[in-house]
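For reference, TrEMBL has these:
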BINDING   Arg71, His72, Gly73, Glu74, Asn75, Val76, Ala77, Asn78, Arg122  substrate binding site
Amino acid sequence: MCLDLIVIFHHITPLTHDLCNAHIYPHSPKLGNFLYSMGRRQLIYLASYNHQPKTLELMNTSTVNTIYLIRHGENVANVTGEFSYKRVDYSLTSKGVLQAAQTATYLCERHIDAIYSSPLKRARETAEAIAHPHNLSVDILEEFREVNVGDLEQAEPTAANWDIHNAIIAQWYHGKLDVRFPNGENFLELIERSKNGLRTATQGRQGQVIVIAGHAGIFTAIVSAICGPESLPIIRQTRKHNCSITEIEVTTSDQDVTGKLVEWAACAHLSGEAASFIAPVPEFTSEKNEGKTATAH
């Protein structure tokens, strides 16, 4: 006699409120253990008559969370025009501390579930200022480090070197995504690690609010990649202020990470000295590439 067993899972993981039905027809009336593999979204069951594992694919699940991408406060590299990916790592200037404090005040009345940061000092210090009123810890994710500009980080911040940088970014904007910085990364690699970071930040979360403190370059890449081409005009036309806030709704599934842009680079919460803008690209760069930079350290 064949046993017809219907297994119904409610709230399979914290990720979803979906109801999944798994219909299992073992060849033995005596059924062994049921194991659910959350990572692979599969139901694995063992029929005790031969202990051979059988696998049944379940429906795919996805999650939606609100993410605030917050650019770090001002640091020395913003003033000097240095490239800063890993070796060059400055703390916030006094102005940057003020910007972080005003951003923390602006967000202190908002509900926040988790805070992540790039490992670079300027981002960590910004994240810590925001986390303090919420009594939250800051989790560091390597995936949100600034764009890897390779050899340029060791080079002087001259007009010629910034023109090299901007020329590569311009090629990315024109669809040449495999063009890379010398001994650095290309756009495809940048997006892959960014998506991995978003997967980690949203894992086990549904309908939550997450803050990520990081950099203009990687945030520009993230939004342009996951929010679609309609996001490009506002990205390219709006200045990326230190401690500006970008809000996106991120949908994470087994297959991909996609997003909806809600607000880009908002900075109305800054006032006084904190609101004074410093150009993300040094003024000595050529006009031909002006406005095409994605990396703004």
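Placement of Cβ uses the backbone N, Cα and C atoms for every residue, glycine included.
Everything TrEMBL records as a feature, shown here on the structure.
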residue: Arg71; record: substrate binding site; Cβ neighbours (10 Å): 29
residue: Gly73; record: substrate binding site; Cβ neighbours (10 Å): 29
residue: Asn75; record: substrate binding site; Cβ neighbours (10 Å): 26
residue: Ala77; record: substrate binding site; Cβ neighbours (10 Å): 20
residue: Arg122; record: substrate binding site; Cβ neighbours (10 Å): 31
Per DSSP, Gly73 (substrate binding site) is which: helix, strand or coil?
coil
Please find, for Arg71, His72, Gly73, Glu74, Asn75, Val76, Ala77, Asn78, Arg122 as listed binding substrate, the greatest distance between any two Cα atoms, in Å.
15
